[in-house]
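Q: Take this structure, written in structure tokens, and hold onto it; I'll ask about it next.
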Amino acid sequence: MTTIVSVRRNGHVVIAGDGQATLGNTVMKGNVKKVRRLYNDKVIAGFAGGTADAFTLFELFERKLEMHQGHLVKAAVELAKDWRTDRMLRKLEALLAVADETASLIITGNGDVVQPENDLIAIGSGGPYAQAAARALLENTELSAREIAEKALDIAGDICIYTNHFHTIEELSYKA
């Protein structure tokens, strides 16, 4: 699978992901970019799950952002509704982590839109390791959001066999 982590701190929000794509227990590619900017660079998003499925969801989510003039929560809820009710979309297997200057959300294929505690998101096979590392760093250091995300991904990559050390990182700054 993969690891995606999002951290928000001191006027910065980061989403970072590794680059490993696997087919069963075989590494197919090591430099997949699972994190990208959407909606005129005002939203960042990362995915865990099937690559083709995730790119389809990115496109649909960007359309929802355009329909709702960039309102992240409304777009996320509308995508989740469609994902849950559309027969074809229901077959897509992926999780999305999305963020803008006001919110960080997880969108699932079950129709869930979750705003996590402490604006910390970690999804994918290495998610629990990245979440534990990021939480410890948030609570016990003054590292930046970007540094925390990078270190959390490094730790997850050391432990999870489906996570590598090729990182894609996107960051938004806002007035805290």
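We count from 1, first residue shown onward.
Glycine is treated like the rest: Cβ placed from N, Cα and C.
For Thr2, the entry in Swiss-Prot reads active site. What Swiss-Prot records for Gly157, Cys160, Thr163 is Na(+) binding site.
On this model, are these features tucked inside or out on the surface, and what's nearby?
A: Applying an 8 A CB threshold to same-chain residues 6+ apart, the list for Thr2 (active site) reads Gly17, Asp18, Gln20, Ala21, Lys34, Phe47, Ala48, Gly49, Gly124, Ser125, Gly126, Tyr162, Thr163.
For the recorded site, Thr163 (Na(+) binding site), the DSSP three-state label reads coil.
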Q: Beyond the listed site residues Gly157, Cys160, Thr163, identify every same-chain residue whose Cβ lies within 8 Å of the center of their Cβ atoms for the Na(+) site.
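A: Here the nearby residues are Thr3, Asp18, Gln20, Ser125, Gly126, Tyr129, Leu153, Ala156, Asp158, Ile159, Ile161, Tyr162, Asn164, His165.
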Q: Taking only same-chain residues 6+ apart in sequence, whose CB is under 8 Å from that of Cys160 (Na(+) binding site), what do you get?
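A: Listed in sequence order, they are Thr3, Ser125, Gly126, Tyr129.
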Q: Around the Cβ of Gly157 (Na(+) binding site), how many other Cβ atoms lie within 10 Å? Please give the count over every shown protein chain.
A: 22
